[in-house]
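The structure appears right after this line, and notes come after that.
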Amino acid sequence: MKVKKFTASNNQEVLMKVKNELGPDAVILYQRKVKPKGLFGIFKNPIIEVVAAKEDREELITNKSKEKINPNFGAFYSELSNEPKEEIIKPSLSKEVDEIKTMLNTVINKINQQELPSLLNHSHQEEVSKLFYTLKEQGLEEEIVKEILQKCIAYNDFNVKGIEKKEEIRKEIAKVVDKYIMYPPQSLKSKIMFFIGPTGVGKTTTIAKLAAQFLLNEGKSIGLISADTYRIAAVEQLKTYSDILNIPLEVIYHPSEIHNAIKKLNEKDIIMIDTAGRSHKNQKQIIELKALLDEIEEKDIYLVMSCTSKERDIKEIINSYKFIENYSVIFTKLDEATTFGSIINTGKETKRPIAYITTGQSVPDDIEEVSIEKIVSLITKEAMQ
């Protein structure tokens with residue numbers, strides 16, 4: 001068995017190195033991101049490190065004929081774990097085998113990917129391997145990545161090639177994504193819409209985009225309420241939009257004032273309420289928000305989060321708003337994000353509808369209802385090029 005470590009700046013480059021040196025039958029055993037060594041390594045981007053293996057047909061075996069490496073991951077690991085009895089193994093190879101055993105243990109602990117190597121042994125291994133690592137880099141939870149791979153393995157139609165093949169793979173991925181992305185109801189439960197979320201995610205701009213779409217595309221009459229008096233700029237921003245769209249704006253400074261503001265706008269089809277950005281770590285601000293929401297019984301609530309946020313922060317934000325039973329999610333700043341797995345992860349975690357995504361600063365154009373096709377395209381773009 002020939003085992004070798006490869007490094008490169010990205011997945012495509014490292015896979016090409018593996019293919020060029022070990023051939024198309026090589027099996028990827030381990031992959032990770034590592035920082036370059038040296039004093040200045042901390043200032044450089046991580047590099048991709050891959051360990052790959054290929055059967056060495058010149059390996060000496062005393063008591064049995066030459067065999068191919070078992071493509072099944074579980075059996076292959078078992079073979080490495082067994083103590084070799086009558087095989088003549090060079091010291092350097094023995095050391096490499098020990099290293100691979102350690103790496104395989106790490107991989108097994110992280111994700112059960114028993115079916116992956118057998119899939120990669122087919123002629124399309126580079127295509128599927130690229131998909132696997134793309135999904136991981138997109139920040140998808142490992143359970144979802146595994147589920148997608150199993151779908152691709154089950155499909156397993158290698159007679160389909162090229163663009164048609166990619167479209168079929170997208171369909172298999174869409175089946176998994178569709179399990180975790182809920183669509184919001186076709187009609188609003190109430191005419192009153194609250195927009196909540198942390199600071200800096202673009203709630204005010206999102207409200208302006210939706211208000212313009214309701215007004216211009218659906219002919220709805222709109223009223224705006226600003227409860228974001230923490231920031232003078234937020235009120236001024238919403239006032240600018242209300243002037244441009246020629247729709248009324250009310251400003252409130254205390255939760256109890258919301259009833260009078262709604263009364264003034266009662267003849268409007270939709271009333272949209274902009275709340276102050278709340279730190280999910282500030283319990284006092286969360287309590288203030290709860291007091292505001294509790295003032296109105298019938299309402300639709302939208303939790304606005306940025307797609308540029310770290311996965312850990314998104315989980316903390318979701319946890320801080322768990323006192324709200326019914327809400328929909330809006331993800332903003334997709335144009336600034338590089339990974340989109342958090343959209344699917346959030347759907348799986350919250351089991352709440354993903355209502356809209358925003359893709360730029362333009363009002364009212366850069367907002368759209370979420371679609372499975374859009375999300376699949378975002379998470380597979382690099383792999384499907």
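Keep in mind that glycine also has a Cβ here, set from the backbone N, Cα and C atoms.
Bear in mind that TrEMBL entries carry predicted annotations, made automatically and left uncurated.
As annotated by TrEMBL, domain 'AAA+ ATPase' applies to 189-328. Feature annotation from TrEMBL assigns domain 'SRP54-type proteins GTP-binding' to 190-381.
Here the domain 'AAA+ ATPase' (189-328) is broken down by DSSP into helix, strand and coil counts: 62 helix, 28 strand, 50 coil. Mean pLDDT of the predicted structure over the domain 'AAA+ ATPase' (189-328): 90.
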